[in-house]
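The next block holds one structure in the form of structure tokens; read it before the comments.
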Amino acid sequence: MKITIYGSGCKNCVKLAENAKKAVAETGVEAEIVKVEDMKKIAMAGIMSTPAIGIDGEVKIKGRVATVDEIKELIA
Amino acid sequence: MFIIFERFADLVAYSLFGLQAGTRLGESVHFFFYDTTKIIFLLSIMIFFISIVRSYFPPEKTKKLLSNYRKITGHVMASLLGVVTPFCSCSSVPIFIGFVESGIPLGITFSFLITSPIVNEVALVMLYTIFGWKIGTLYLVSGILVGIVGGIVIETLGMEKQVEEYVYQISSGESEVEELDWSDRIDFAKAEVKEIVSRVWKYVIIGIGIGAAIHGYAPAELLAEYAGADNPLSVIAAVIVGIPLYSNAVGTIPIVEALMGKGVALGTALSFMMATTALSLPAMIILRKVIKPKLITVFVTVVGVSIIGVGYMFNFIM
């Protein structure tokens, strides 16, 4: 599974990446976490407000920091 | 309603620190504790309610709404939506690309991008608490006007070639918007309060601290002479000084309020606040990713001149 974190590197994006790491660790799911910081690519993914999280290329939650529990549900 | 904060400030300034009421130091310390506690309390409550309203206007919805309007109506709508759409400067590039790529005219996109940072919930809370509803409303209305006028001018100048080519080649298509129920909206609002308050409390304290010092110590005659309504150049100087100063409205407002108490004219003060929030170096560096230097120059000039206009208007009518 591939978890993508979209964001320009601002504080919220760092927080989201941390939450994703925690969720992966807590569920034990095999997943790779990738960060996308290029604005062009973020816009191309149809995201207008960062941070956002995507699973296997599909954007799931955007415009806010998804919680550890929310991410767990997404990857479970 | 604010008596509890008054009592708290009494307690700290006069009992804990043993200062005398009526002395310069005593008054400054009292003012500091009264204002910081009151503003942080009000900010938390107001951000909560404003965030509930904002949860109805995600950028995707704003984009859809805006693509239905053209010309003046488009600029007015964009500027109004700039007030309610959640926005942070780190999202300005994806928002810009999303708008332009979906066919919203460049000038209308700018109307949105100009108003959004000038009029935000934190600035409004600070203005309404510190200055009262009259000045708060004046600021709100003139911020919206600056966005409308700025966008119209940019549209009229036909700057489409000054947008980086790749922006037009991106096609992001439609993306879904999460459906929210009430408990989602409340969670969103709670998260916003936590995020915004933890980000801005330092600036509230620093701003009020400087404001308190000005209240007690700054020489009134000198400021009134240089920045009073009678000095025609004061507005221009305030805007030029304000542009490179990157401060959010939070830190600036208490300082400006204290300066006004010392005779700085209202229009000059409002222009200064708008310049620090609307035009900042970091925001321009971010925008440079999507627009060319010529359009950045036009953007700064148009917004700068509109803000100066607002300043003169207020100095003239007040």
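Cβ atoms are placed via backbone N, Cα and C, with glycine included.
TrEMBL lists A:C10, A:C13 with the feature active site, nucleophile. Taken from TrEMBL, the feature disulfide bond applies to A:C10-A:C13. For A:1-75, the entry in TrEMBL reads domain 'Thioredoxin-like fold'.
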For A:C13 (active site, nucleophile): DSSP state (helix, strand, coil): helix
Secondary structure tally of the domain 'Thioredoxin-like fold' (A:1-75) (DSSP, helix then strand then coil): 31 helix, 19 strand, 25 coil
